[in-house]
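Novice: I'd like to ask you about the structure that follows.
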Amino acid sequence: MGRVYNFSAGPAVLPEEVLIRARDEMLDWRASGMSVMEMSHRGKEFISIARKAEADLRELMAIPANYKILFLQGGATAQFAAVPMNLLRGRRKADYVNTGHWSKRAIAEAKKYCEVHIAASSEDRNFSYVPPQERWELSSDAAYVHITSNETIGGVEYHWIPDTGDVPLVADASSHILSRPIDVSRFGLIYAGAQKNIGPAGLAIVIVREDLIGGALPITPAIFDYKVQAENESMLNTPPTFALYMAGLVFEWLKEKGGLAAMERINLEKARLLYDLLDSSDFYASPVAKADRSRMNVPFTLKDPALEEEFLRQAKAHGLVQLKGHRSVGGMRASIYNAMPIEGVRALVEFMRDFAAKHG
Ligand SMILES: *Cc1c(COP(=O)(O)O)cnc(C)c1O
C-alpha cells in the first residue's frame, strides 16, 4: 500500500510536497553538507531557517508588529500552565469558557495557579455547541479570558471572536490555526501545538501581545517565561530544530497555495462535502449544533454502533485510516486539516455513501 488518506486528529497528515522537499534536503541542506537535524541552532544556517519561518508565519497570519511569536516546547499542554504563569500579572482570577475536553484540561491546569471562574459552559448539552456570548458571565477582575477556539475531540469551533473588552482574550487554537484568516489584534494571546495543522509534534507556537509580557510569576520556569524567551528569540535553550524547520516548510507551502484565504475556501468546501453527506443521510449523524461545527474535526456516528468495526475495517481497505473517534466520546471522527487534499474527502464521502447503501 502507498500513502493513505490519513484522517488522524494529531499527529496528523502533512502536505506531501513538504515531505518530499524534506526528503530531498535530508542529507544535505542547501549545500551545507549536513541535515538540519545535525546543525547548531546558533549557526547561521539554522538561524536563517528560524527567522524565515517566523517571518512567513507573521505574513500568513498578518500578525501585527506589537505581537511576539514564540516557538516553544512542551506542546499546547505546557501552555495550559504557562498562560496563567505569565498572564496573571498580579491578578488572582481568570475566566475560562468550557466547551469540552481541551477546555477542561486547560482549566484543571490553571487551577494550580489561580482562581478559575467558568464564564460559560456547554456541558448541559454534552459540549455540542459554543455558548453564545449573551450567556457568558465575565468577571471584571479577570486577568484574561480563555477559550478553546476549536475543540478537536468534540468537533466544536468558534466561528466568531468573543468581545472581552479590555480583558485579554486567550485562545487555544491548536487544531484550527492557519485554517482561515483571523484578526490577531482581537486576541491577547493565541497558542497552538504544531502537530495538528502546522508540522511535526514537539513544537508549540505562542503569539502574544507585547504589553502582556514581563509579569510572570516568580516560580515560572525560565523556558516558559515569555519575556525570557522573547529576549532570546525562542532560543534560551536548544529549540526543537527539525520540527521548526518542518513548520517553516509548511508555511512556505501555505504561501504557495495562496495563503489563508485560499486555504479557507478549500477547507469550507471539504467540510461542506462531509457535512452535506451527514445531514442528508439517516445512516450517519453529526452530534454538533450546525452553527458551531468544526471545519477541521468532524465527529460522526453510525445509526448502528455495532457496525463501527466493520466501517473502520472497510475504510482501511480503501486507504482511509485513523477514523476512529476519541476514546472519550466514541463514534467516528474525520480530521480534515489543511494538508488533507479535497480528493481525500471525496474518497471518504464516496466510501461512506457506499457503506450506507450496503448496510442501511
Ligand atoms: C492536541 C490538543 C492539545 C494538546 O496538545 P499537546 O501538544 O499534546 O500538548 C491541546 N489543545 C487542543 C485544542 C488540542 O487539539
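Using N, Cα and C of the backbone, Cβ positions are placed for all residues, glycine too.
Residues or ranges marked as domain 'Aminotransferase class V' in TrEMBL: 4-348. Positions annotated as L-glutamate binding site by TrEMBL: Arg42. The annotation pyridoxal 5'-phosphate binding site is assigned in TrEMBL to Ala76, Thr77, Trp102, Thr152, Asp172, Gln195, Asn237, Thr238. Annotated N6-(pyridoxal phosphate)lysine per TrEMBL: Lys196, in sequence order.
Walk me through the surroundings of each of these features.
Specialist: All protein chains included, Arg42 (L-glutamate binding site) registers 9 other Cβ atoms within 10 Å of its own Cβ.
Around Gln195 (pyridoxal 5'-phosphate binding site), the same-chain residues six or more apart in sequence whose CB sits under 8 Å from its CB are Gly10, Pro11, Ala12, Gly75, Ala201, Gly202, listed in sequence order.
Its own atom aside, the Cβ of Lys196 (N6-(pyridoxal phosphate)lysine) has 28 Cβ atoms within 10 angstroms in the protein chains shown.
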Novice: How many Å separate the two farthest-apart Cα atoms among the pyridoxal 5'-phosphate-binding residues Ala76, Thr77, Trp102, Thr152, Asp172, Gln195, Asn237, Thr238?
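Specialist: Site span for pyridoxal 5'-phosphate, by Cα atoms: 30 Å.
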Novice: Within the domain 'Aminotransferase class V' (4-348) only, compute the mean pLDDT.
Specialist: 97
Novice: For Trp102 (pyridoxal 5'-phosphate binding site), which residues in the same chain are close in space, meaning a Cβ under 8 Å from its Cβ, but six or more apart along the sequence?
Specialist: Ala76, Thr148, Glu151, Thr152, Ile153, Asp172, Ser174
Novice: Just to be sure I understand the contacts, which binding-site residues have a Cβ under 6 angstroms from any atom of ligand 1? Candidates are Ala76, Trp102, Thr152, Asn237, Thr238.
Specialist: Ala76, Trp102, Thr152
Novice: So, three-state DSSP: helix, strand or coil for Asp172 (pyridoxal 5'-phosphate binding site)?
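Specialist: Reduced to three states, the DSSP call for Asp172 (pyridoxal 5'-phosphate binding site) is strand.
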